[in-house]
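According to TrEMBL, the feature signal peptide maps to B:1-24. Feature annotation from TrEMBL assigns transmembrane segment to B:40-60, B:81-103, B:109-128, B:154-173, B:179-203, B:215-234, B:270-292, B:304-330, B:368-397, B:418-437, B:443-463, B:515-531 (among others).
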Amino acid sequence: MDEALIQRIQSNPKFTQLVETRSRLGWTLSIIMLVIYYGFILVLAFSPTTFGTPISAGSVTTIGIPVGVLVILSAFVITGVYVRRANTQFDQLTREIVEEVRQ
Amino acid sequence: MMRSLQSRAALSVAGLVACLPAWAADAITGDVKQRDLNWHAIIMFFVFVAFTLGITYWAARRTRSAKDFYAAGGGISGFQNGLAIAGDYMSAASFLGISALVMTSGYDGLIYSIGFLVGWPIITFLVAERLRNLGKFTFADVASYRLSQTPVRTFAAVGTLCTVALYLIAQMVGAGKLIQLLFGMSYLSAVILVGILMVMYVTFGGMLATTWVQIIKAVMLLCGATFMAIMVLATSGFSFETMFQTAVASHPKGLAIMSPGGMVSNPIDAISLGVGLMFGTAGLPHILMRFFTVKDAKEARKSVFVATGFIGYFYILTFIIGFGAIMLVLGKPEFTETIVKDGQPVSQLIGGANMAAVHLANAVGGDFFLGFISAVAFATILAVVSGLALSGASAVSHDLYASVFAKGRATEAKEIRVSKMATVALGIVAILLGILFENQNVAFMVGLAFAIAASANFPVLFLSMFWKGLTTRGAVVGGLVGLLSAVVMIVLGPAVWVKTLGHAQALFPYENPSIFSMPLAFLTIWIVSSLDNSAQAARERALFIPQFIRSMTGIGAEGASKH
């Protein structure tokens, strides 16, 4: 990559837009995942009986079971949200940037 | 099963001996505790081996360049790679270890699974695309992109080899136990057989063969586990509540299996385990290497999404399978044996707790399905060790040999030859480690590999892509601090100091070091890099912008080879 190309890319507003939106989305979703997971772990660590509470009176299924399954599902859903945005918006932006700077 | 069929057992031993080299014969005729033999398992396993060796032959004819050998020519699709990543991740340790953990501790098994899964979204958002845009064959390509090649690649190779070695131990132990149970072969010969097949796949078929072995095995494992979970649910009328009630009634710990238990009795350990599993995933070299097998960043991202879906689904299945084992296997006389431990007779599951899923297969699907699951479990080990071996060998040939010793002047043919020699050496090391660690819990050993990946590989890789200020000095010193602190804490911790070395008291109180070792690595990297005022450091910082642009846009990234 030569100096002139780097300059053209850096000064392209679409590149700034790509970097900003991608970073914002990436970090937001990462933080959501971290909060969900460490929230789960912290409850386990500091209030272990919470997840051991039966889901309803007389039931042996505890709250921890659906919560655990939801954490697993959330990982999949959050990844899906990112991939969807990236496949449409980010790839489109990248294509436009590459075309514009190559001219 | 087939307790009474002595003659059949003898016959099948003869059959096995005929298929095996001379060293195995002694092991079988020696004083091994004779297990029941299952023809279905043996036949299905040999069908799998024959089929995958056929694929290896096909792959070998298509593997010419270094790019073919390390990255399957970059021609794997996102979906295929997703399945292969899932295959790499759904190791025997996950399948056998976690279902065993659910059987013995109930809910704690789910906590472990969740920790293994939640690293994937983070990889998608922060690592996958950048890695694909910047690298060629190994994660060291990315870590050393703008840094000094020799020190950074040497460090990355050490990090890779440590992670690979620990992960291999878990797989080899699983293999040994499984084949011991199934084939009536000794642990030693089982471990040697796995080592030899692994070397064959990798040296002849490279990444292409390894990927397809992984995909086939992932599909077989997902199908088998789905069938088992459905059968378990069917025995309780497709009601989770009924399943849990039956399990609670038959488990010695009773209701306690429905709540978080011993695994989180120590909050620091619980969080530390979480840190290790989450960030360790993003530092596993054999997983990171998979991102170079697809053609671009888009396919890389798609492959993580596919992998996350399959892995999440698989962990839900292992949870159900674990509860199935509580209902249908635990405490049942046909699956229990009495062994002598410390002079006391102890009753345990035949082959140990890690055999929970294998026995459950027998309980829900009879001998034929037991054969299928056993063959799948063995195939799983073969596929995962092959991926590990390829990753370890790449670190030796691509990072150490080609970049450090030959300074980039080695020919491709020479580099591939070194890689194949390294694979053979790794095969021997894997066998020796498998023997050494025969009696460790396999799921737990994987946790150790994750701690090193999280504390050494991940901080360096992450900062190389995200922090302009990173310098060679910072990366190497900080990475080594992370590596050594993780290793020292593990050695002085309960798992090695007490359980392996036999001391009474652990010098480091926690099982999981990551909560200390990973921040320590980040901090050291930051301090050393910030204090680095050398001219080289200034050049390295200046190179960040071009690197960042390439990581974002893919301009200049490695494409797929055309053939």
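Backbone N, Cα and C atoms are what each Cβ position is placed from, and that goes for glycine too.
Keep in mind that TrEMBL annotations are predicted by a computer and have not been checked by a curator.
It should be emphasised that the depicted structure is a prediction, and the values quoted were computed from it without experimental measurement.
Counting Cβ pairs under 8 Å to the transmembrane segment (B:443-463), the top-ranked stretch among B:40-60, B:215-234, B:270-292 is B:270-292. Against the transmembrane segment (B:368-397), stretch B:154-173 has more CB pairs under 8 A than any other of B:81-103, B:154-173, B:215-234, B:270-292, B:515-531.
Ranked by the number of CB pairs under 8 Å to the transmembrane segment (B:215-234), the listed stretches B:40-60, B:179-203, B:515-531 are led by B:40-60. Sequence-remote contacts of a segment are chain residues at least 6 beyond its ends whose Cβ falls under 8 Å from one of its Cβ atoms, and for the transmembrane segment (B:81-103) they are 109-110, 112-113, 116, 167, 170-171, 174-175, 178, 211, 214-215, 217-219, 221-222, 225, 281, 286-287, 290-291, 293-294, 299-300, 302-307, 309-311, 314-315, 318-319, 321-323, 325-326, 329-330, 353-358, 360, 377, 380-381, 383-384, 387, 441-446. As a quick check, the transmembrane segment (B:109-128) and the transmembrane segment (B:270-292) clear the bar of 3 or more Cβ pairs under 8 A, pairs 6 or more apart, so the two touch. Most Cβ pairs within less than 8 Å of the transmembrane segment (B:418-437), among stretches B:40-60, B:154-173, B:179-203, B:270-292, B:515-531, belong to B:179-203. Proximity of the transmembrane segment (B:40-60) to the transmembrane segment (B:179-203) is established through 3 or more Cβ-Cβ distances under 8 Å for residue pairs spaced 6 or more apart. For the transmembrane segment (B:515-531), same-chain residues at least 6 beyond its ends with a Cβ under 8 Å from one of its own Cβ atoms are 268, 271-272, 275-276, 279, 451, 454-456, 458-460, 463, 467, 469-471, 473-475, 477-479, 481-483, 485-486, 489, 537. Through the fold, the transmembrane segment (B:270-292) approaches residues 70-71, 74, 81, 84-85, 88-89, 111-112, 115-116, 118-120, 122-123, 126-128, 131-132, 135-139, 159-160, 163-164, 167, 207, 211, 263-264, 300, 303, 387-388, 390-392, 394-395, 447, 449-458, 461-462, 510-516, 518, 558 of its own chain, all at least 6 residues removed from its boundaries and within a Cβ separation under 8 Å.
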